[in-house]
Amino acid sequence: MIHNQTMIDQRPAPSNTLGPMAWLRANLFSSPLNTLFTLVGLYILYLLVVPTIQWAFINADWIGTTRADCSREGACWVFVNARFTQFIYGLYPRSEIWRANIVFGGFFTLIAWLAIPRLPLKRWVAVFALVGFPVVAYVLLHGGYFDLPRVPTHRWGGLMLTLLLASVGMIGALPIGIVLALGRRSNMPIVKSFCVIFIEFWRGVPLITVLFMASVMLPLFLPSGISVDRLVRALIGLTLFQSAYMAEVIRGGLQAIPKGQEEAAAALGMTYWKRMGLIVLPQALKMMIPGIVNTFISLFKDTTLVMIIGLFDLLGIVQAALSDSNWLGFSLEGYVFAAFVFWIFCFSMSRYSQYLERKLNTGHKR
Amino acid sequence: MKTLKWISVGACALAPAVAMGTTLETVQSRDSVRCGVNAAQPGFSSLDDNDTYRGLDTDVCRAIAAAALGDASKVDFVPLDSVERFTALQSGEVDVLSRTTTWTSSRDTTQGMHFTGVSYYDGQTFMVASDLGVQSAEELDGAAVCTQSGTTSELNLSDYFRIHDMSYDAVVFDSPEQSIAGFEAGRCDVLSSDASQLYAQRMQLADPNMAVVLPEIISKEPLGPAVRQGDDQWFNIVKWSLFAMLNAEELDVSSSNIDEHADSDNPDIARLLGQDGNFGEGMGLNADWAYQIIKQVGNYAEMFDRNVGADSNFKIARGLNALWRDGGIQYAPPIR
């Protein structure tokens, strides 16, 4: 006998277990103490955020070209606006900025090409980025060839210089670091001791000392008439310094690979370089992505130290602008702008490295 | 540290000896004067919106370029840190150092450099809130004084108050930005630093008129350009470039009226502008060296007013930097 039963219609879950209200109740107001903390926390946030927004957006002045266009009730972004070209290109001659723009365009296109998985010809683009592009960038930025007027390096500056220092440092430090890390684990006594001494020396001195030595002492030792360009001195110092750090990060990765991997490769008759290049390094580098990116980010921020040897990186040019008598007293705006630009680059590097880790994850994650 | 010191002393001793050719020849073949300046010193050397260095120190460089090359724009400015400035001069990286450097005996005698003159007589002084109604530093007994740590200002301050038998509370900060913020927040009644810096700090106040700089100067800080030792010709060029500007002011010759003096009856002006005799010859320069300086850069008064004086944002009074006949101490030997 079949009862003609009607099913009860589905009803939504009780409102106190679902939705934002429930989430609030569970996470923020679950007990009197939590409620108190939440309220105090909200109040502190209110105290911090409201004046910041008022300062940075609502009361801020955006349009104009001079100090007089600023009411000074909020931020004076007019300052950053008026100085924007200088912040990006330094003292690069205004009529030649198109050259820097081509380099900028090429730089970001190449990075995007290499970073977006769907695009083809990765290998060739990578080879061009590492070999061809630096030459093109040098010819364009420095000039002196193909009727391009020469732009001496002391006129380079701003974000352009920061990116240049950081990318040359990164591209240079990674291979040197790998070689040093392998050398330090080598059984050959001379190679090993050279690598150990090199790493321990560069890791033992502060970067600021390296730059000072390069800019203050080095010129005194060189014969008169021979002078190494300041930028080149800074680049060499920065690269060698970072390669020592990179070497230790990579050595950490090498040590984490079980010895069996290398022994198995050796048993298959692979030479040293094949064992390293095909078996050990790919695993070690993948595992050390967080450490490598960490070093890259710290390198990116360390580039601001070149200020002490008279090169105007982004922070240096902002500080120089702050001392213009027409713009005295806008240091907060200048520093906020510099911090924001640095944050954009460091944060993107960090996000990309997380994406890379997920992409390269082959299930061996420990 | 000691080894480093000896190395640098040795290097300093060597530096002038290894220089090849005269500085003037180097400058002329390069077709530019390399001038070491401060990267950021309001009124003395700072970058304007159009990537040009502006300031008193940088105008001194331009004057030298006008004298040596006939074109004031042929200057490569090299921004230098306060530590590396002497090395840069000794190693030949710059031809002249014009970087708010105080002329002291030890720098003149042990750093392998020669100061050529005084482009700006600076000195430590006080800034007070205008509503305090203080007129003179001698009324500051018992005041709270903001100053920067590790500078000579701190020592000068304690000397001054001891000599005048007054007491004070020191409020010490690390940087000019911090000390002016402390002053504005009312942490102290008085801010003490070099006059040139105080005027720049005053500009950073929300309302610059809320503070006044007192007239007393309690220390000597003569700032001037310096060159390497061992090249007397270049030393003379830099020295007389500044003297020419002072002489021009004294003779009321400025960049705007210089061409009206083309056939001057005044023998001093005729000599200055190279119409009577060739006073550039002894320095390896053309007869019109001083004409080029004044035409392209101006006389001392123009340079002063444009950068730190009446026509600038700072409105610093000439004070000690006025000509000797106006009650200051700027005095140049005559050109003849």
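Backbone N, Cα and C atoms are what each Cβ position is placed from, and that goes for glycine too.
TrEMBL does not curate its annotations; it predicts them automatically.
Note that the structure is predicted; figures quoted are calculated from it, not measured.
Residues or ranges marked as domain 'ABC transmembrane type-1' by TrEMBL: A:159-353.
The transmembrane segment annotation in TrEMBL covers A:35-57 (among others).
Annotated transmembrane segment per TrEMBL: A:97-116 (among others), in sequence order.
Counting only same-chain residues 6+ beyond the ends of the transmembrane segment (A:123-141), those with a CB under 8 A from a CB of the stretch are 99-100, 102-103, 106-107, 110, 113-114, 148, 151, 156, 168, 171. Annotation source TrEMBL lists transmembrane segment at A:123-141 (among others).
Residues 90, 107, 130, 134, 195, 198-199, 231, 234-235, 238-240, 242-251, 254, 276, 281, 292, 295-296, 299-300, 303-304, 306, 311-314 of the same chain, all 6+ positions outside the transmembrane segment (A:161-182), place their C-beta atoms under 8 angstroms from a C-beta of that stretch. Summarising the annotation, TrEMBL assigns transmembrane segment to A:161-182 (among others).
Distant neighbours of the transmembrane segment (A:194-222): 180-181, 183-184, 186, 228, 230, 233-234, 236-238, 240-241, 243-245, 247-248, 302, 305-306, 308-310; these residues of the same chain sit at least 6 beyond its ends, with a Cβ under 8 Å from one of its Cβ atoms. Per TrEMBL, the feature transmembrane segment maps to A:194-222 (among others).
The transmembrane segment annotation in TrEMBL covers A:276-297 (among others). Residues 166, 170, 173-174, 178, 182, 242, 245-246, 249-250, 252-254, 256-257, 261-262, 264-265, 270, 346, 349-350, 353, 356-357, 360, 364 of the same chain, all 6+ positions outside the transmembrane segment (A:276-297), place their C-beta atoms under 8 angstroms from a C-beta of that stretch.
TrEMBL lists A:304-322 (among others) with the feature transmembrane segment.
Feature annotation from TrEMBL assigns transmembrane segment to A:334-352 (among others).
Panel annotation: around the transmembrane segment (A:334-352), residues 56, 75, 79-80, 87, 115, 159, 293, 296-297, 300-301, 314-315, 318-319, 321-322 of the same chain, lying at least six beyond its termini, place a Cβ under 8 Å from a Cβ of the stretch.
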